[in-house]
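Worksheet: one structure, shown below.
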2 protein chains.
Amino acid sequence: MQVLKTIEELQEIRKSINGSVGFVPTMGALHNGHISLIKKAREENDIVIVSIFVNPTQFLPTEDLDAYPRKDEADKRICQMCKVDYVFMPEISTMYSQEEVLVKAPNKSYILEGKTRPGHFDGVLRVVLKLFNLVQPTNAYFGKKDAQQLSLITQMVKDFFMPINIIPCEIIREDDGLALSSRNIYLDSTQRHEALLISKSLYMAGSLISKGERDVQKVKDKIYEIMQTLEVEYVAIVNREFDEITVIEPKNTIILVVARFGNTRLLDNIWL
Amino acid sequence: MQVLKTIEELQEIRKSINGSVGFVPTMGALHNGHISLIKKAREENDIVIVSIFVNPTQFLPTEDLDAYPRKDEADKRICQMCKVDYVFMPEISTMYSQEEVLVKAPNKSYILEGKTRPGHFDGVLRVVLKLFNLVQPTNAYFGKKDAQQLSLITQMVKDFFMPINIIPCEIIREDDGLALSSRNIYLDSTQRHEALLISKSLYMAGSLISKGERDVQKVKDKIYEIMQTLEVEYVAIVNREFDEITVIEPKNTIILVVARFGNTRLLDNIWL
């Protein structure tokens with residue numbers, strides 16, 4: 001495994017690759033969720049490239065950029081174990097300069113995460129566009145946990161005619177159901193226990209729907225009921241295009257919840 | 001020569017090309033300026049692709065989109081004569097859908113053309129990004145006449161890490177000095193004659209500077225003096241990064257002028 005720091009190294013390596021390239025862009029602090037993406041990339045491609053870059057442009061000024069967990073050495077060991085070929089770990093000044101051409105998420109993305117974190121997706125799309133142009137992956141792997149992000153990246157690739165397959169990957173959970181997140185380490189033991197209500201509410205919603213419930217409001221009521229002791233930021237039920245719906249469409253519905261634990265926001269969702 | 005209409009045709013053709021690809025994106029109504037770009041692309045590449053697409057997103061609502069000259073058949077004949085391999089002529093609905101991810105020119109671009117035509121460069125960069133991703137050129141050819149556009153496209157390619165060489169090409173002029181433009185056909189004979197003052201003022205400015213003048217204001221005064229009978233929109237003297245300067249830097253200066261003739265804006269410039 002080779003660790004690349006500069007644009008020039010990465011571009012040179014990329015030119016020398018002939019087979020398929022699987023790409024897993026990350027912000028580091030790798031957990032089993034990331035590992036599942038890397039393993040899938042490893043199975044499906046000749047070469048696997050992982051990027052580790054805590055992207056400043058996707059954090060709002062009030063957010064946890066400086067506190068975001070950095071675990072470079074552990075991350076490299078994990079990549080090595082997963083038989084990654086190249087890890088790209090650039091500095092901020094390698095990725096960004098002053099007064100750049102920008103990417104702007106569509107207006108319709110200013111709901112849910114886009115509403116709570118205005119500008120966040122502009123930063124996500126901007127860095128992903130840069131990374132895609134550098135890595136030129138055949139296949140790029142993203143978790144379904146960041147569902148709205150996944151939807152927008154898929155849209156960008158389509159709108160910009162980028163010859164890249166976006167591969168959505170299942171959410172990985174702890175044995176007790178908590179969706180894995182690099183931000184879970186911020187939870188104290190009480191919060192960690194309370195956080196189980198998030199996935200529980202989604203399971204119950206899924207169960208209601210499998211029994212035939214199609215009324216979005218009734219499903220939402222059930223979710224809020226289960227999470228009533230939590231600080232719930234939103235519960236949303238959307239179709240695959242992220243339009244809010246009033247009637248559940250089986251096979252085309254995503255249920256998303258966000259709850260706050262102090263300064264920590266936890267996201268979770270299920271795809272029906 | 002093959003005329004391609006759809007994304008799928010173009011992508012399939014592109015996959016089959018192994019050598020270098022020279023790309024000339026145009027809005028059609030091809031004149032000797034475009035022909036010089038195509039000839040240069042022909043000399044320097046294995047395969048030459050020309051796109052002809054009157055891009056709606058770079059026209060402001062008040063501008064001449066509907067009136068913009070369309071000469072598809074003549075354009076195809078010109079491409080054939082210039083031994084172009086592929087002409088890409090998509091419909092608007094092929095290039096755009098609703099509510100897309102957007103490209104945003106940097107704030108510093110909101111001077112000169114960016115000030116007169118707010119949003120124009122967002123549309124230019126957006127379509128060029130799409131076309132670049134489709135054509136994946138080795139070399140892309142742009143005239144220096146649209147100097148600010150050329151500067152921003154060069155910046156986008158750098159900011160987004162696109163593996164494409166941008167080749168700036170000299171302005172082509174009529175024998176009497178008028179810079180070629182698809183919009184010159186809008187001029188009546190009086191305007192056509194008056195328009196000569198534009199290039200004349202730039203030649204005189206160049207001459208002053210070659211005699212040692214370094215004071216930007218004095219050079220501007222000379223230009224305004226020569227164009228005093230015209231409706232001058234702006235005279236600007238900038239460096240290659242499009243920052244306005246006060247002292248002429250030989251080899252790093254561009255002098256730009258825009259004059260209006262009725263609804264027709266004519267741009268011209270010289271690169272010192």
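Along the chain as shown, residues are numbered 1 onward.
Quick reminder: no glycine exception, Cβ is built from N, Cα and C everywhere.
What TrEMBL annotates here:
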BINDING   A:27-34, A:143-146, A:ILE172, A:180-183  ATP binding site
ACT_SITE  A:HIS34  active site, proton donor
BINDING   A:GLN58, A:GLN149  (R)-pantoate binding site
BINDING   A:GLN58  beta-alanine binding site
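Cα-Cα distance from A:HIS34 (active site, proton donor) to A:LYS144 (ATP binding site): 11 Å (rounded to the nearest whole number).
The two recorded residues A:ILE172 (ATP binding site) and A:GLN149 ((R)-pantoate binding site) have their Cα atoms spaced 17 Å from each other. Sequence-distant contacts of A:SER182 (ATP binding site), defined as residues of its own chain at least six apart whose C-beta falls under 8 angstroms from its C-beta, comprise A:MET27, A:GLY28, A:ALA29, A:HIS31, A:TYR68, A:PRO69. In this structure the alpha carbons, written CA, of A:GLN149 ((R)-pantoate binding site) and A:GLY33 (ATP binding site) are 16 Å apart. Neighbour counts of Cβ atoms within 10 Å were compared across the recorded positions A:HIS34, A:LYS144; the minimum falls on A:LYS144. Non-local neighbourhood of A:GLY33 (ATP binding site): A:GLY143, A:LYS145, A:ILE171, A:ILE172, A:ALA179, A:LEU180, A:SER181, each in the same chain, at least six residues away, with C-beta under 8 Å from its C-beta.
Across the fold, the C-alpha of A:LYS144 (ATP binding site) and the C-alpha of A:GLN58 ((R)-pantoate binding site) stand 18 Å from each other. With a cut-off of 8 Å between CB atoms and residues at least 6 apart in sequence, the same chain places A:HIS120, A:PHE121, A:GLY123, A:VAL124, A:VAL127 near A:GLN58 ((R)-pantoate binding site), listed in sequence order.
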